[in-house]
Amino acid sequence: MAGELADKKDRDASPSKEERKRSRTPDRERDRDRDRKSSPSKDRKRHRSRDRRRGGSRSRSRSRSKSAERERRHKERERDKERDRNKKDRDRDKDGHRRDKDRKRSSLSPGRGKDFKSRKDRDSKKDEEDEHGDKKPKAQPLSLEELLAKKKAEEEAEAKPKFLSKAEREAEALKRRQQEVEERQRMLEEERKKRKQFQDLGRKMLEDPQERERRERRERMERETNGNEDEEGRQKIREEKDKSKELHAIKERYLGGIKKRRRTRHLNDRKFVFEWDASEDTSIDYNPLYKERHQVQLLGRGFIAGIDLKQQKREQSRFYGDLMEKRRTLEEKEQEEARFRKLRKKEAKQRWDDRHWSQKKLDEMTDRDWRIFREDYSITTKGGKIPNPIRSWKDSSLPPHILEVIDKCGYKEPTPIQRQAIPIGLQNRDIIGVAETGSGKTAAFLIPLLVWITTLPKIDRIEESDQGPYAIILAPTRELAQQIEEETIKFGKPLGIRTVAVIGGISREDQGFRLRMGCEIVIATPGRLIDVLENRYLVPSRCTYVVLDEADRMIDMGFEPDVQKILEHMPVSNQKPDTDEAEDPEKMLANFESGKHKYRQTVMFTATMPPAVERLARSYLRRPAVVYIGSAGKPHERVEQKVFLMSESEKRKKLLAILEQGFDPPIIIFVNQKKGCDVLAKSLEKMGYNACTLHGGKGQEQREFALSNLKAGAKDILVATDVAGRGIDIQDVSMVVNYDMAKNIEDYIHRIGRTGRAGKSGVAITFLTKEDSAVFYELKQAILESPVSSCPPELANHPDAQHKPGTILTKKRREETIFA
């Protein structure tokens, strides 16, 4: 049955081949017509050539026209063959596709396979005959229509769904499965390698150091062994190259070679030629005998050929030394010994003089030591004939009873301002002390005053008690005056020196009664002192010691006319001359022990030096000695400054968050207005904090009560205005909060100076708003100069913090815009 089907199929296939042959001729004609249409220029050329032949000369050779016609026909025949060959290729592709299908069917029926094979043989024979019958034509490029048709056919073939048999689908599934298995195995292998690497690393970290050292040594030896093998191969190649170079050099030297002609320099050449001949290079030696010199390995103190160069040098020097010793006379030997002794003595003296000043006695101090001493304590002086500072209380020239009082008051070591101001004050010279707050200025002017008062006869002091005090100390605020009074009583009471405070808020009659009873020192505020002077409660006829404490603060508060009025009440009979005599200690100490005839001494202490203070100093001070301690007008280096930019409504919440951090009491909070001070204190008390207030609206008793409670520890927080910003010494203040920023940088510096006193550290926190932009620039500079503070970027990058207020900014020329 299968054979009959195959025969029938052959019969059906044979007529189709005959029809295919017949259909070739119309196809050729159709292609020829298309070529004629696509190339009308060729037809025109043919018509022209015919016309030329008709109208031309008959004498033209007929053989030439026949050959041209023959060439044309040959070209057309070649073109037809090329088209037939292309069509044959297309038919062959179709037959191949059909054969693949038949092969699949033949796998199911063996009979079909045999018929198909015979048919295939017949087709291949026919194709071979066709190929042998026609010559291979010249390849022609495909036309544009054929390219487009081919591309369209490919797109359609790709768009059609491809049918896959069951076997092909199974093969595809098997292939995908195999790829998935390989990918999984690869990932497992990578994970295994990473785990092994991690375990090896952990094992190396946990293993014994000795075991790790042995393992590293073993690995290093293995690497060296492998490296030595490679090195030996490289060494052999190197030796062969060196041998060839050495042989070449010997041949050139002794057998003669082509010598390179050296370039000669002509006279007209501008450039000098620095060239050396290659044979003149003696730095490289290719002979291994000289290249690798043998180093002899010796044990102990062995030497090559028994020669010890060091020993030879020693013996040689000893020989010449003995020879010179024999030639020297006795006098020369003595001179040499004296020279050595002098040299040793000079070196010992140099070492002795180079000791630190703390290891020397007072009489051993040199000018260099005093300069180092001043640098150690940041002391800078200005003025003529300034005495040296005191190193300690024992080294000072103070009387024993004064030293005893100082020791009882707990002053172990003098502060920098005390070290320099006390010796100047003992010479009866005018002083301007510029020092930071909390530097011990009170004792600096009190101790010279107490020394002078105690030198006066006690009888004179009692008899002349109705003529007024010996000293007047002016302070800008009541609190500072009371603080100075406490210190003065502490020093003066053991010495029998009476002190009276003349300040506002206390009955004037009580103060007048105490003044009539007699006193040596009066501590006053400018306003109340003028009132007392005008009402004749006080007569400054024997006042020869005037102190202006916190002079810059007094000027800022508008007390400059009052201070000038007070100084005009002083007697002029004991005023110093404004000459060089004011700098001469001998003339200044004349009549030092008399109460009336001693020159008046004026002392001014300030934290800053504004122009108004300088003007006051020029008017009433005579040739003063100026003492600068540290960086005047700048905050403590031990105070950490923190700044927060916020709105007014956020201040209270931020303050409570800061207080919850647990800062140790006492804490001072500064506010600009009296009303705000009371409101903030009440709100803090409602939150459970112990707070008290201090401002100018409070009575004197209330102010004293608030300060005493804070110092005693009954209250933890003091809410104050700028009244508490200057001069008030409250020990161990851990934090200062500027709830409202000060109006100028000087007040800000004095505010934060309440903490970080007496060598301790502190924290100063400031709340800033947009209204405080006038002080942004100076505040930024103050924070940047502090070594323990950091400026926040909100303040550092703020436009108002880039330039000082009032400066006119001009654009650079390259930033200017020119409008034409």
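Indices start at 1 and increase along the chain as displayed.
Heads up, the Cβ atoms here are built off N, Cα and C, so glycines get one too.
Under the heading ATP binding site, Swiss-Prot lists Ala435, Glu436, Thr437, Gly438, Ser439, Gly440, Lys441, Thr442, citing sequence analysis as support.
If you look up Swiss-Prot, you'll see 1-42 (among others) marked as compositional bias 'Basic and acidic residues'.
The compositional bias 'Basic residues' feature in Swiss-Prot is assigned to 43-65.
What Swiss-Prot lists as compositional bias 'Basic and acidic residues' is 66-105 (among others).
The compositional bias 'Basic and acidic residues' annotation in Swiss-Prot covers 112-137 (among others).
The compositional bias 'Basic and acidic residues' annotation in Swiss-Prot covers 147-226 (among others).
The annotation compositional bias 'Basic and acidic residues' is assigned in Swiss-Prot to 233-244 (among others).
Lys686 (SUMO2 cross-link) has a Cβ environment of 9 other Cβ atoms inside 10 Å. The annotation SUMO2 cross-link is assigned in Swiss-Prot to Lys686 (among others).
Per Swiss-Prot, the feature SUMO2 cross-link maps to Lys811 (among others); the stated evidence is similarity to another entry.
Under the heading domain 'Helicase ATP-binding', Swiss-Prot lists 422-627.
Secondary structure counts, DSSP: the domain 'Helicase C-terminal' (651-799) has 68 helix, 23 strand, 58 coil. Among the features that Swiss-Prot reports, domain 'Helicase C-terminal' is placed at 651-799.
Sequence-distant contacts of the motif 'Q motif' (391-419) (same chain, at least 6 residues past either end, Cβ-Cβ under 8 Å): 357-358, 362, 373, 377-379, 426, 433, 435, 439-441, 443-444, 447, 450-451, 454, 490-491, 494-495, 627, 629-630. Feature annotation from Swiss-Prot assigns motif 'Q motif' to 391-419.
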For the compositional bias 'Basic and acidic residues' (147-226), how many residues does DSSP put in helix, in strand and in coil? 72 helix, 0 strand, 8 coil
Could you give the Cα-Cα distance between Thr442 (ATP binding site) and Lys686 (SUMO2 cross-link), in whole Å? 38
Which of the three DSSP states, helix, strand or coil, fits Glu436 (ATP binding site)? coil
Number of Cβ atoms other than its own within 10 Å, given for Lys441 (ATP binding site): 27
Simplified DSSP label at Lys441 (ATP binding site) comes out helix
How far is it from Glu436 (ATP binding site) to Lys686 (SUMO2 cross-link), counting Cα to Cα, in Å? 37
Give me the CA-CA distance between Gly440 (ATP binding site) and Lys686 (SUMO2 cross-link), in Å, as a whole number. 38
